[in-house]
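Summarising the annotation, TrEMBL assigns Zn(2+) binding site to Cys97, Cys100, Cys141, Cys144. Among the features that TrEMBL reports, Fe cation binding site is placed at Glu112.
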Amino acid sequence: MTTTDAAPEAGARLRAVGLKVTAPRLAVLQAVAGAGHLDADAVHARITGELPGTSLQSVYNVLGALTDAGLLRRIEPAGSPALYESRIGDNHHHVVCTRCRAVADVECVVGEPPCLVPGESTGAASGFAIHTAEVTFWGLCADCRVALEASALEASAPEASAAEASALETPAPVASA
Ligand SMILES: [Zn+2]
Ligand SMILES: [Zn+2]
């Protein structure tokens, strides 16, 4: 993937939503494309090689304009800065690691909003027409699970190896004919 291949396509996408094609918009769009979930700092770091004079504030402005135009999607998991992604229009959800804040996409079974509707509403909520359900799953990512298991093993190393040793000496009975 080279910038020269991607630039005309990015330009066409900007024009399609009525945005003027500018170097920062092209650079931000290409920086976010296929890069997962990036915060403004990460986008800024990715484009400063190409556009050295670009300020973080202008990256924020461009990200805001591209999000408002529907070319990028913004998510804001609790405890994380706003994250931007190029995967739009499929109503996918996110799973966030409670330990390292890694974010991954989770497919939406329905694929369009709202894929969840609330139960019977009363009072003020009953007047709402629901158009979106924002779903964030929280858990531990694979790397953090490995790290936590390793540190738990380390903390209980003497007991664990003793238990392992005795388990080896007395193998569990194996079912035989
Ligand atoms: Zn993690
Ligand atoms: Zn996503």
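Numbering starts at 1 and runs along the chain as displayed.
Here the Cβ of each residue, glycine as well, is placed from N, Cα and C on the backbone.
Least crowded of the binding-site residues (Cys97, Cys100, Cys141, Cys144), judged by neighbouring Cβ atoms within 10 Å of its own Cβ: Cys100.
A Cα-Cα distance of 24 Å separates Cys97 (Zn(2+) binding site) from Glu112 (Fe cation binding site). Cα to Cα, Cys144 (Zn(2+) binding site) and Glu112 (Fe cation binding site) are separated by 31 Å.
Under DSSP, Cys141 (Zn(2+) binding site) is assigned to coil, being neither helix nor strand in the three-state scheme. Taking Cβ-Cβ distances under 8 Å and a sequence separation of 6 or more, the neighbours of Glu112 (Fe cation binding site) in its chain are Asn91. The Zn(2+) site, placed at the center of the C-beta atoms of Cys97, Cys100, Cys141, Cys144, has further neighbours from the same chain whose C-beta lies within 8 angstroms: Thr98, Arg99, Arg101, Ala102, Leu140, Ala142, Asp143, Arg145. Mapped onto three states, the DSSP output places Cys97 (Zn(2+) binding site) in strand.
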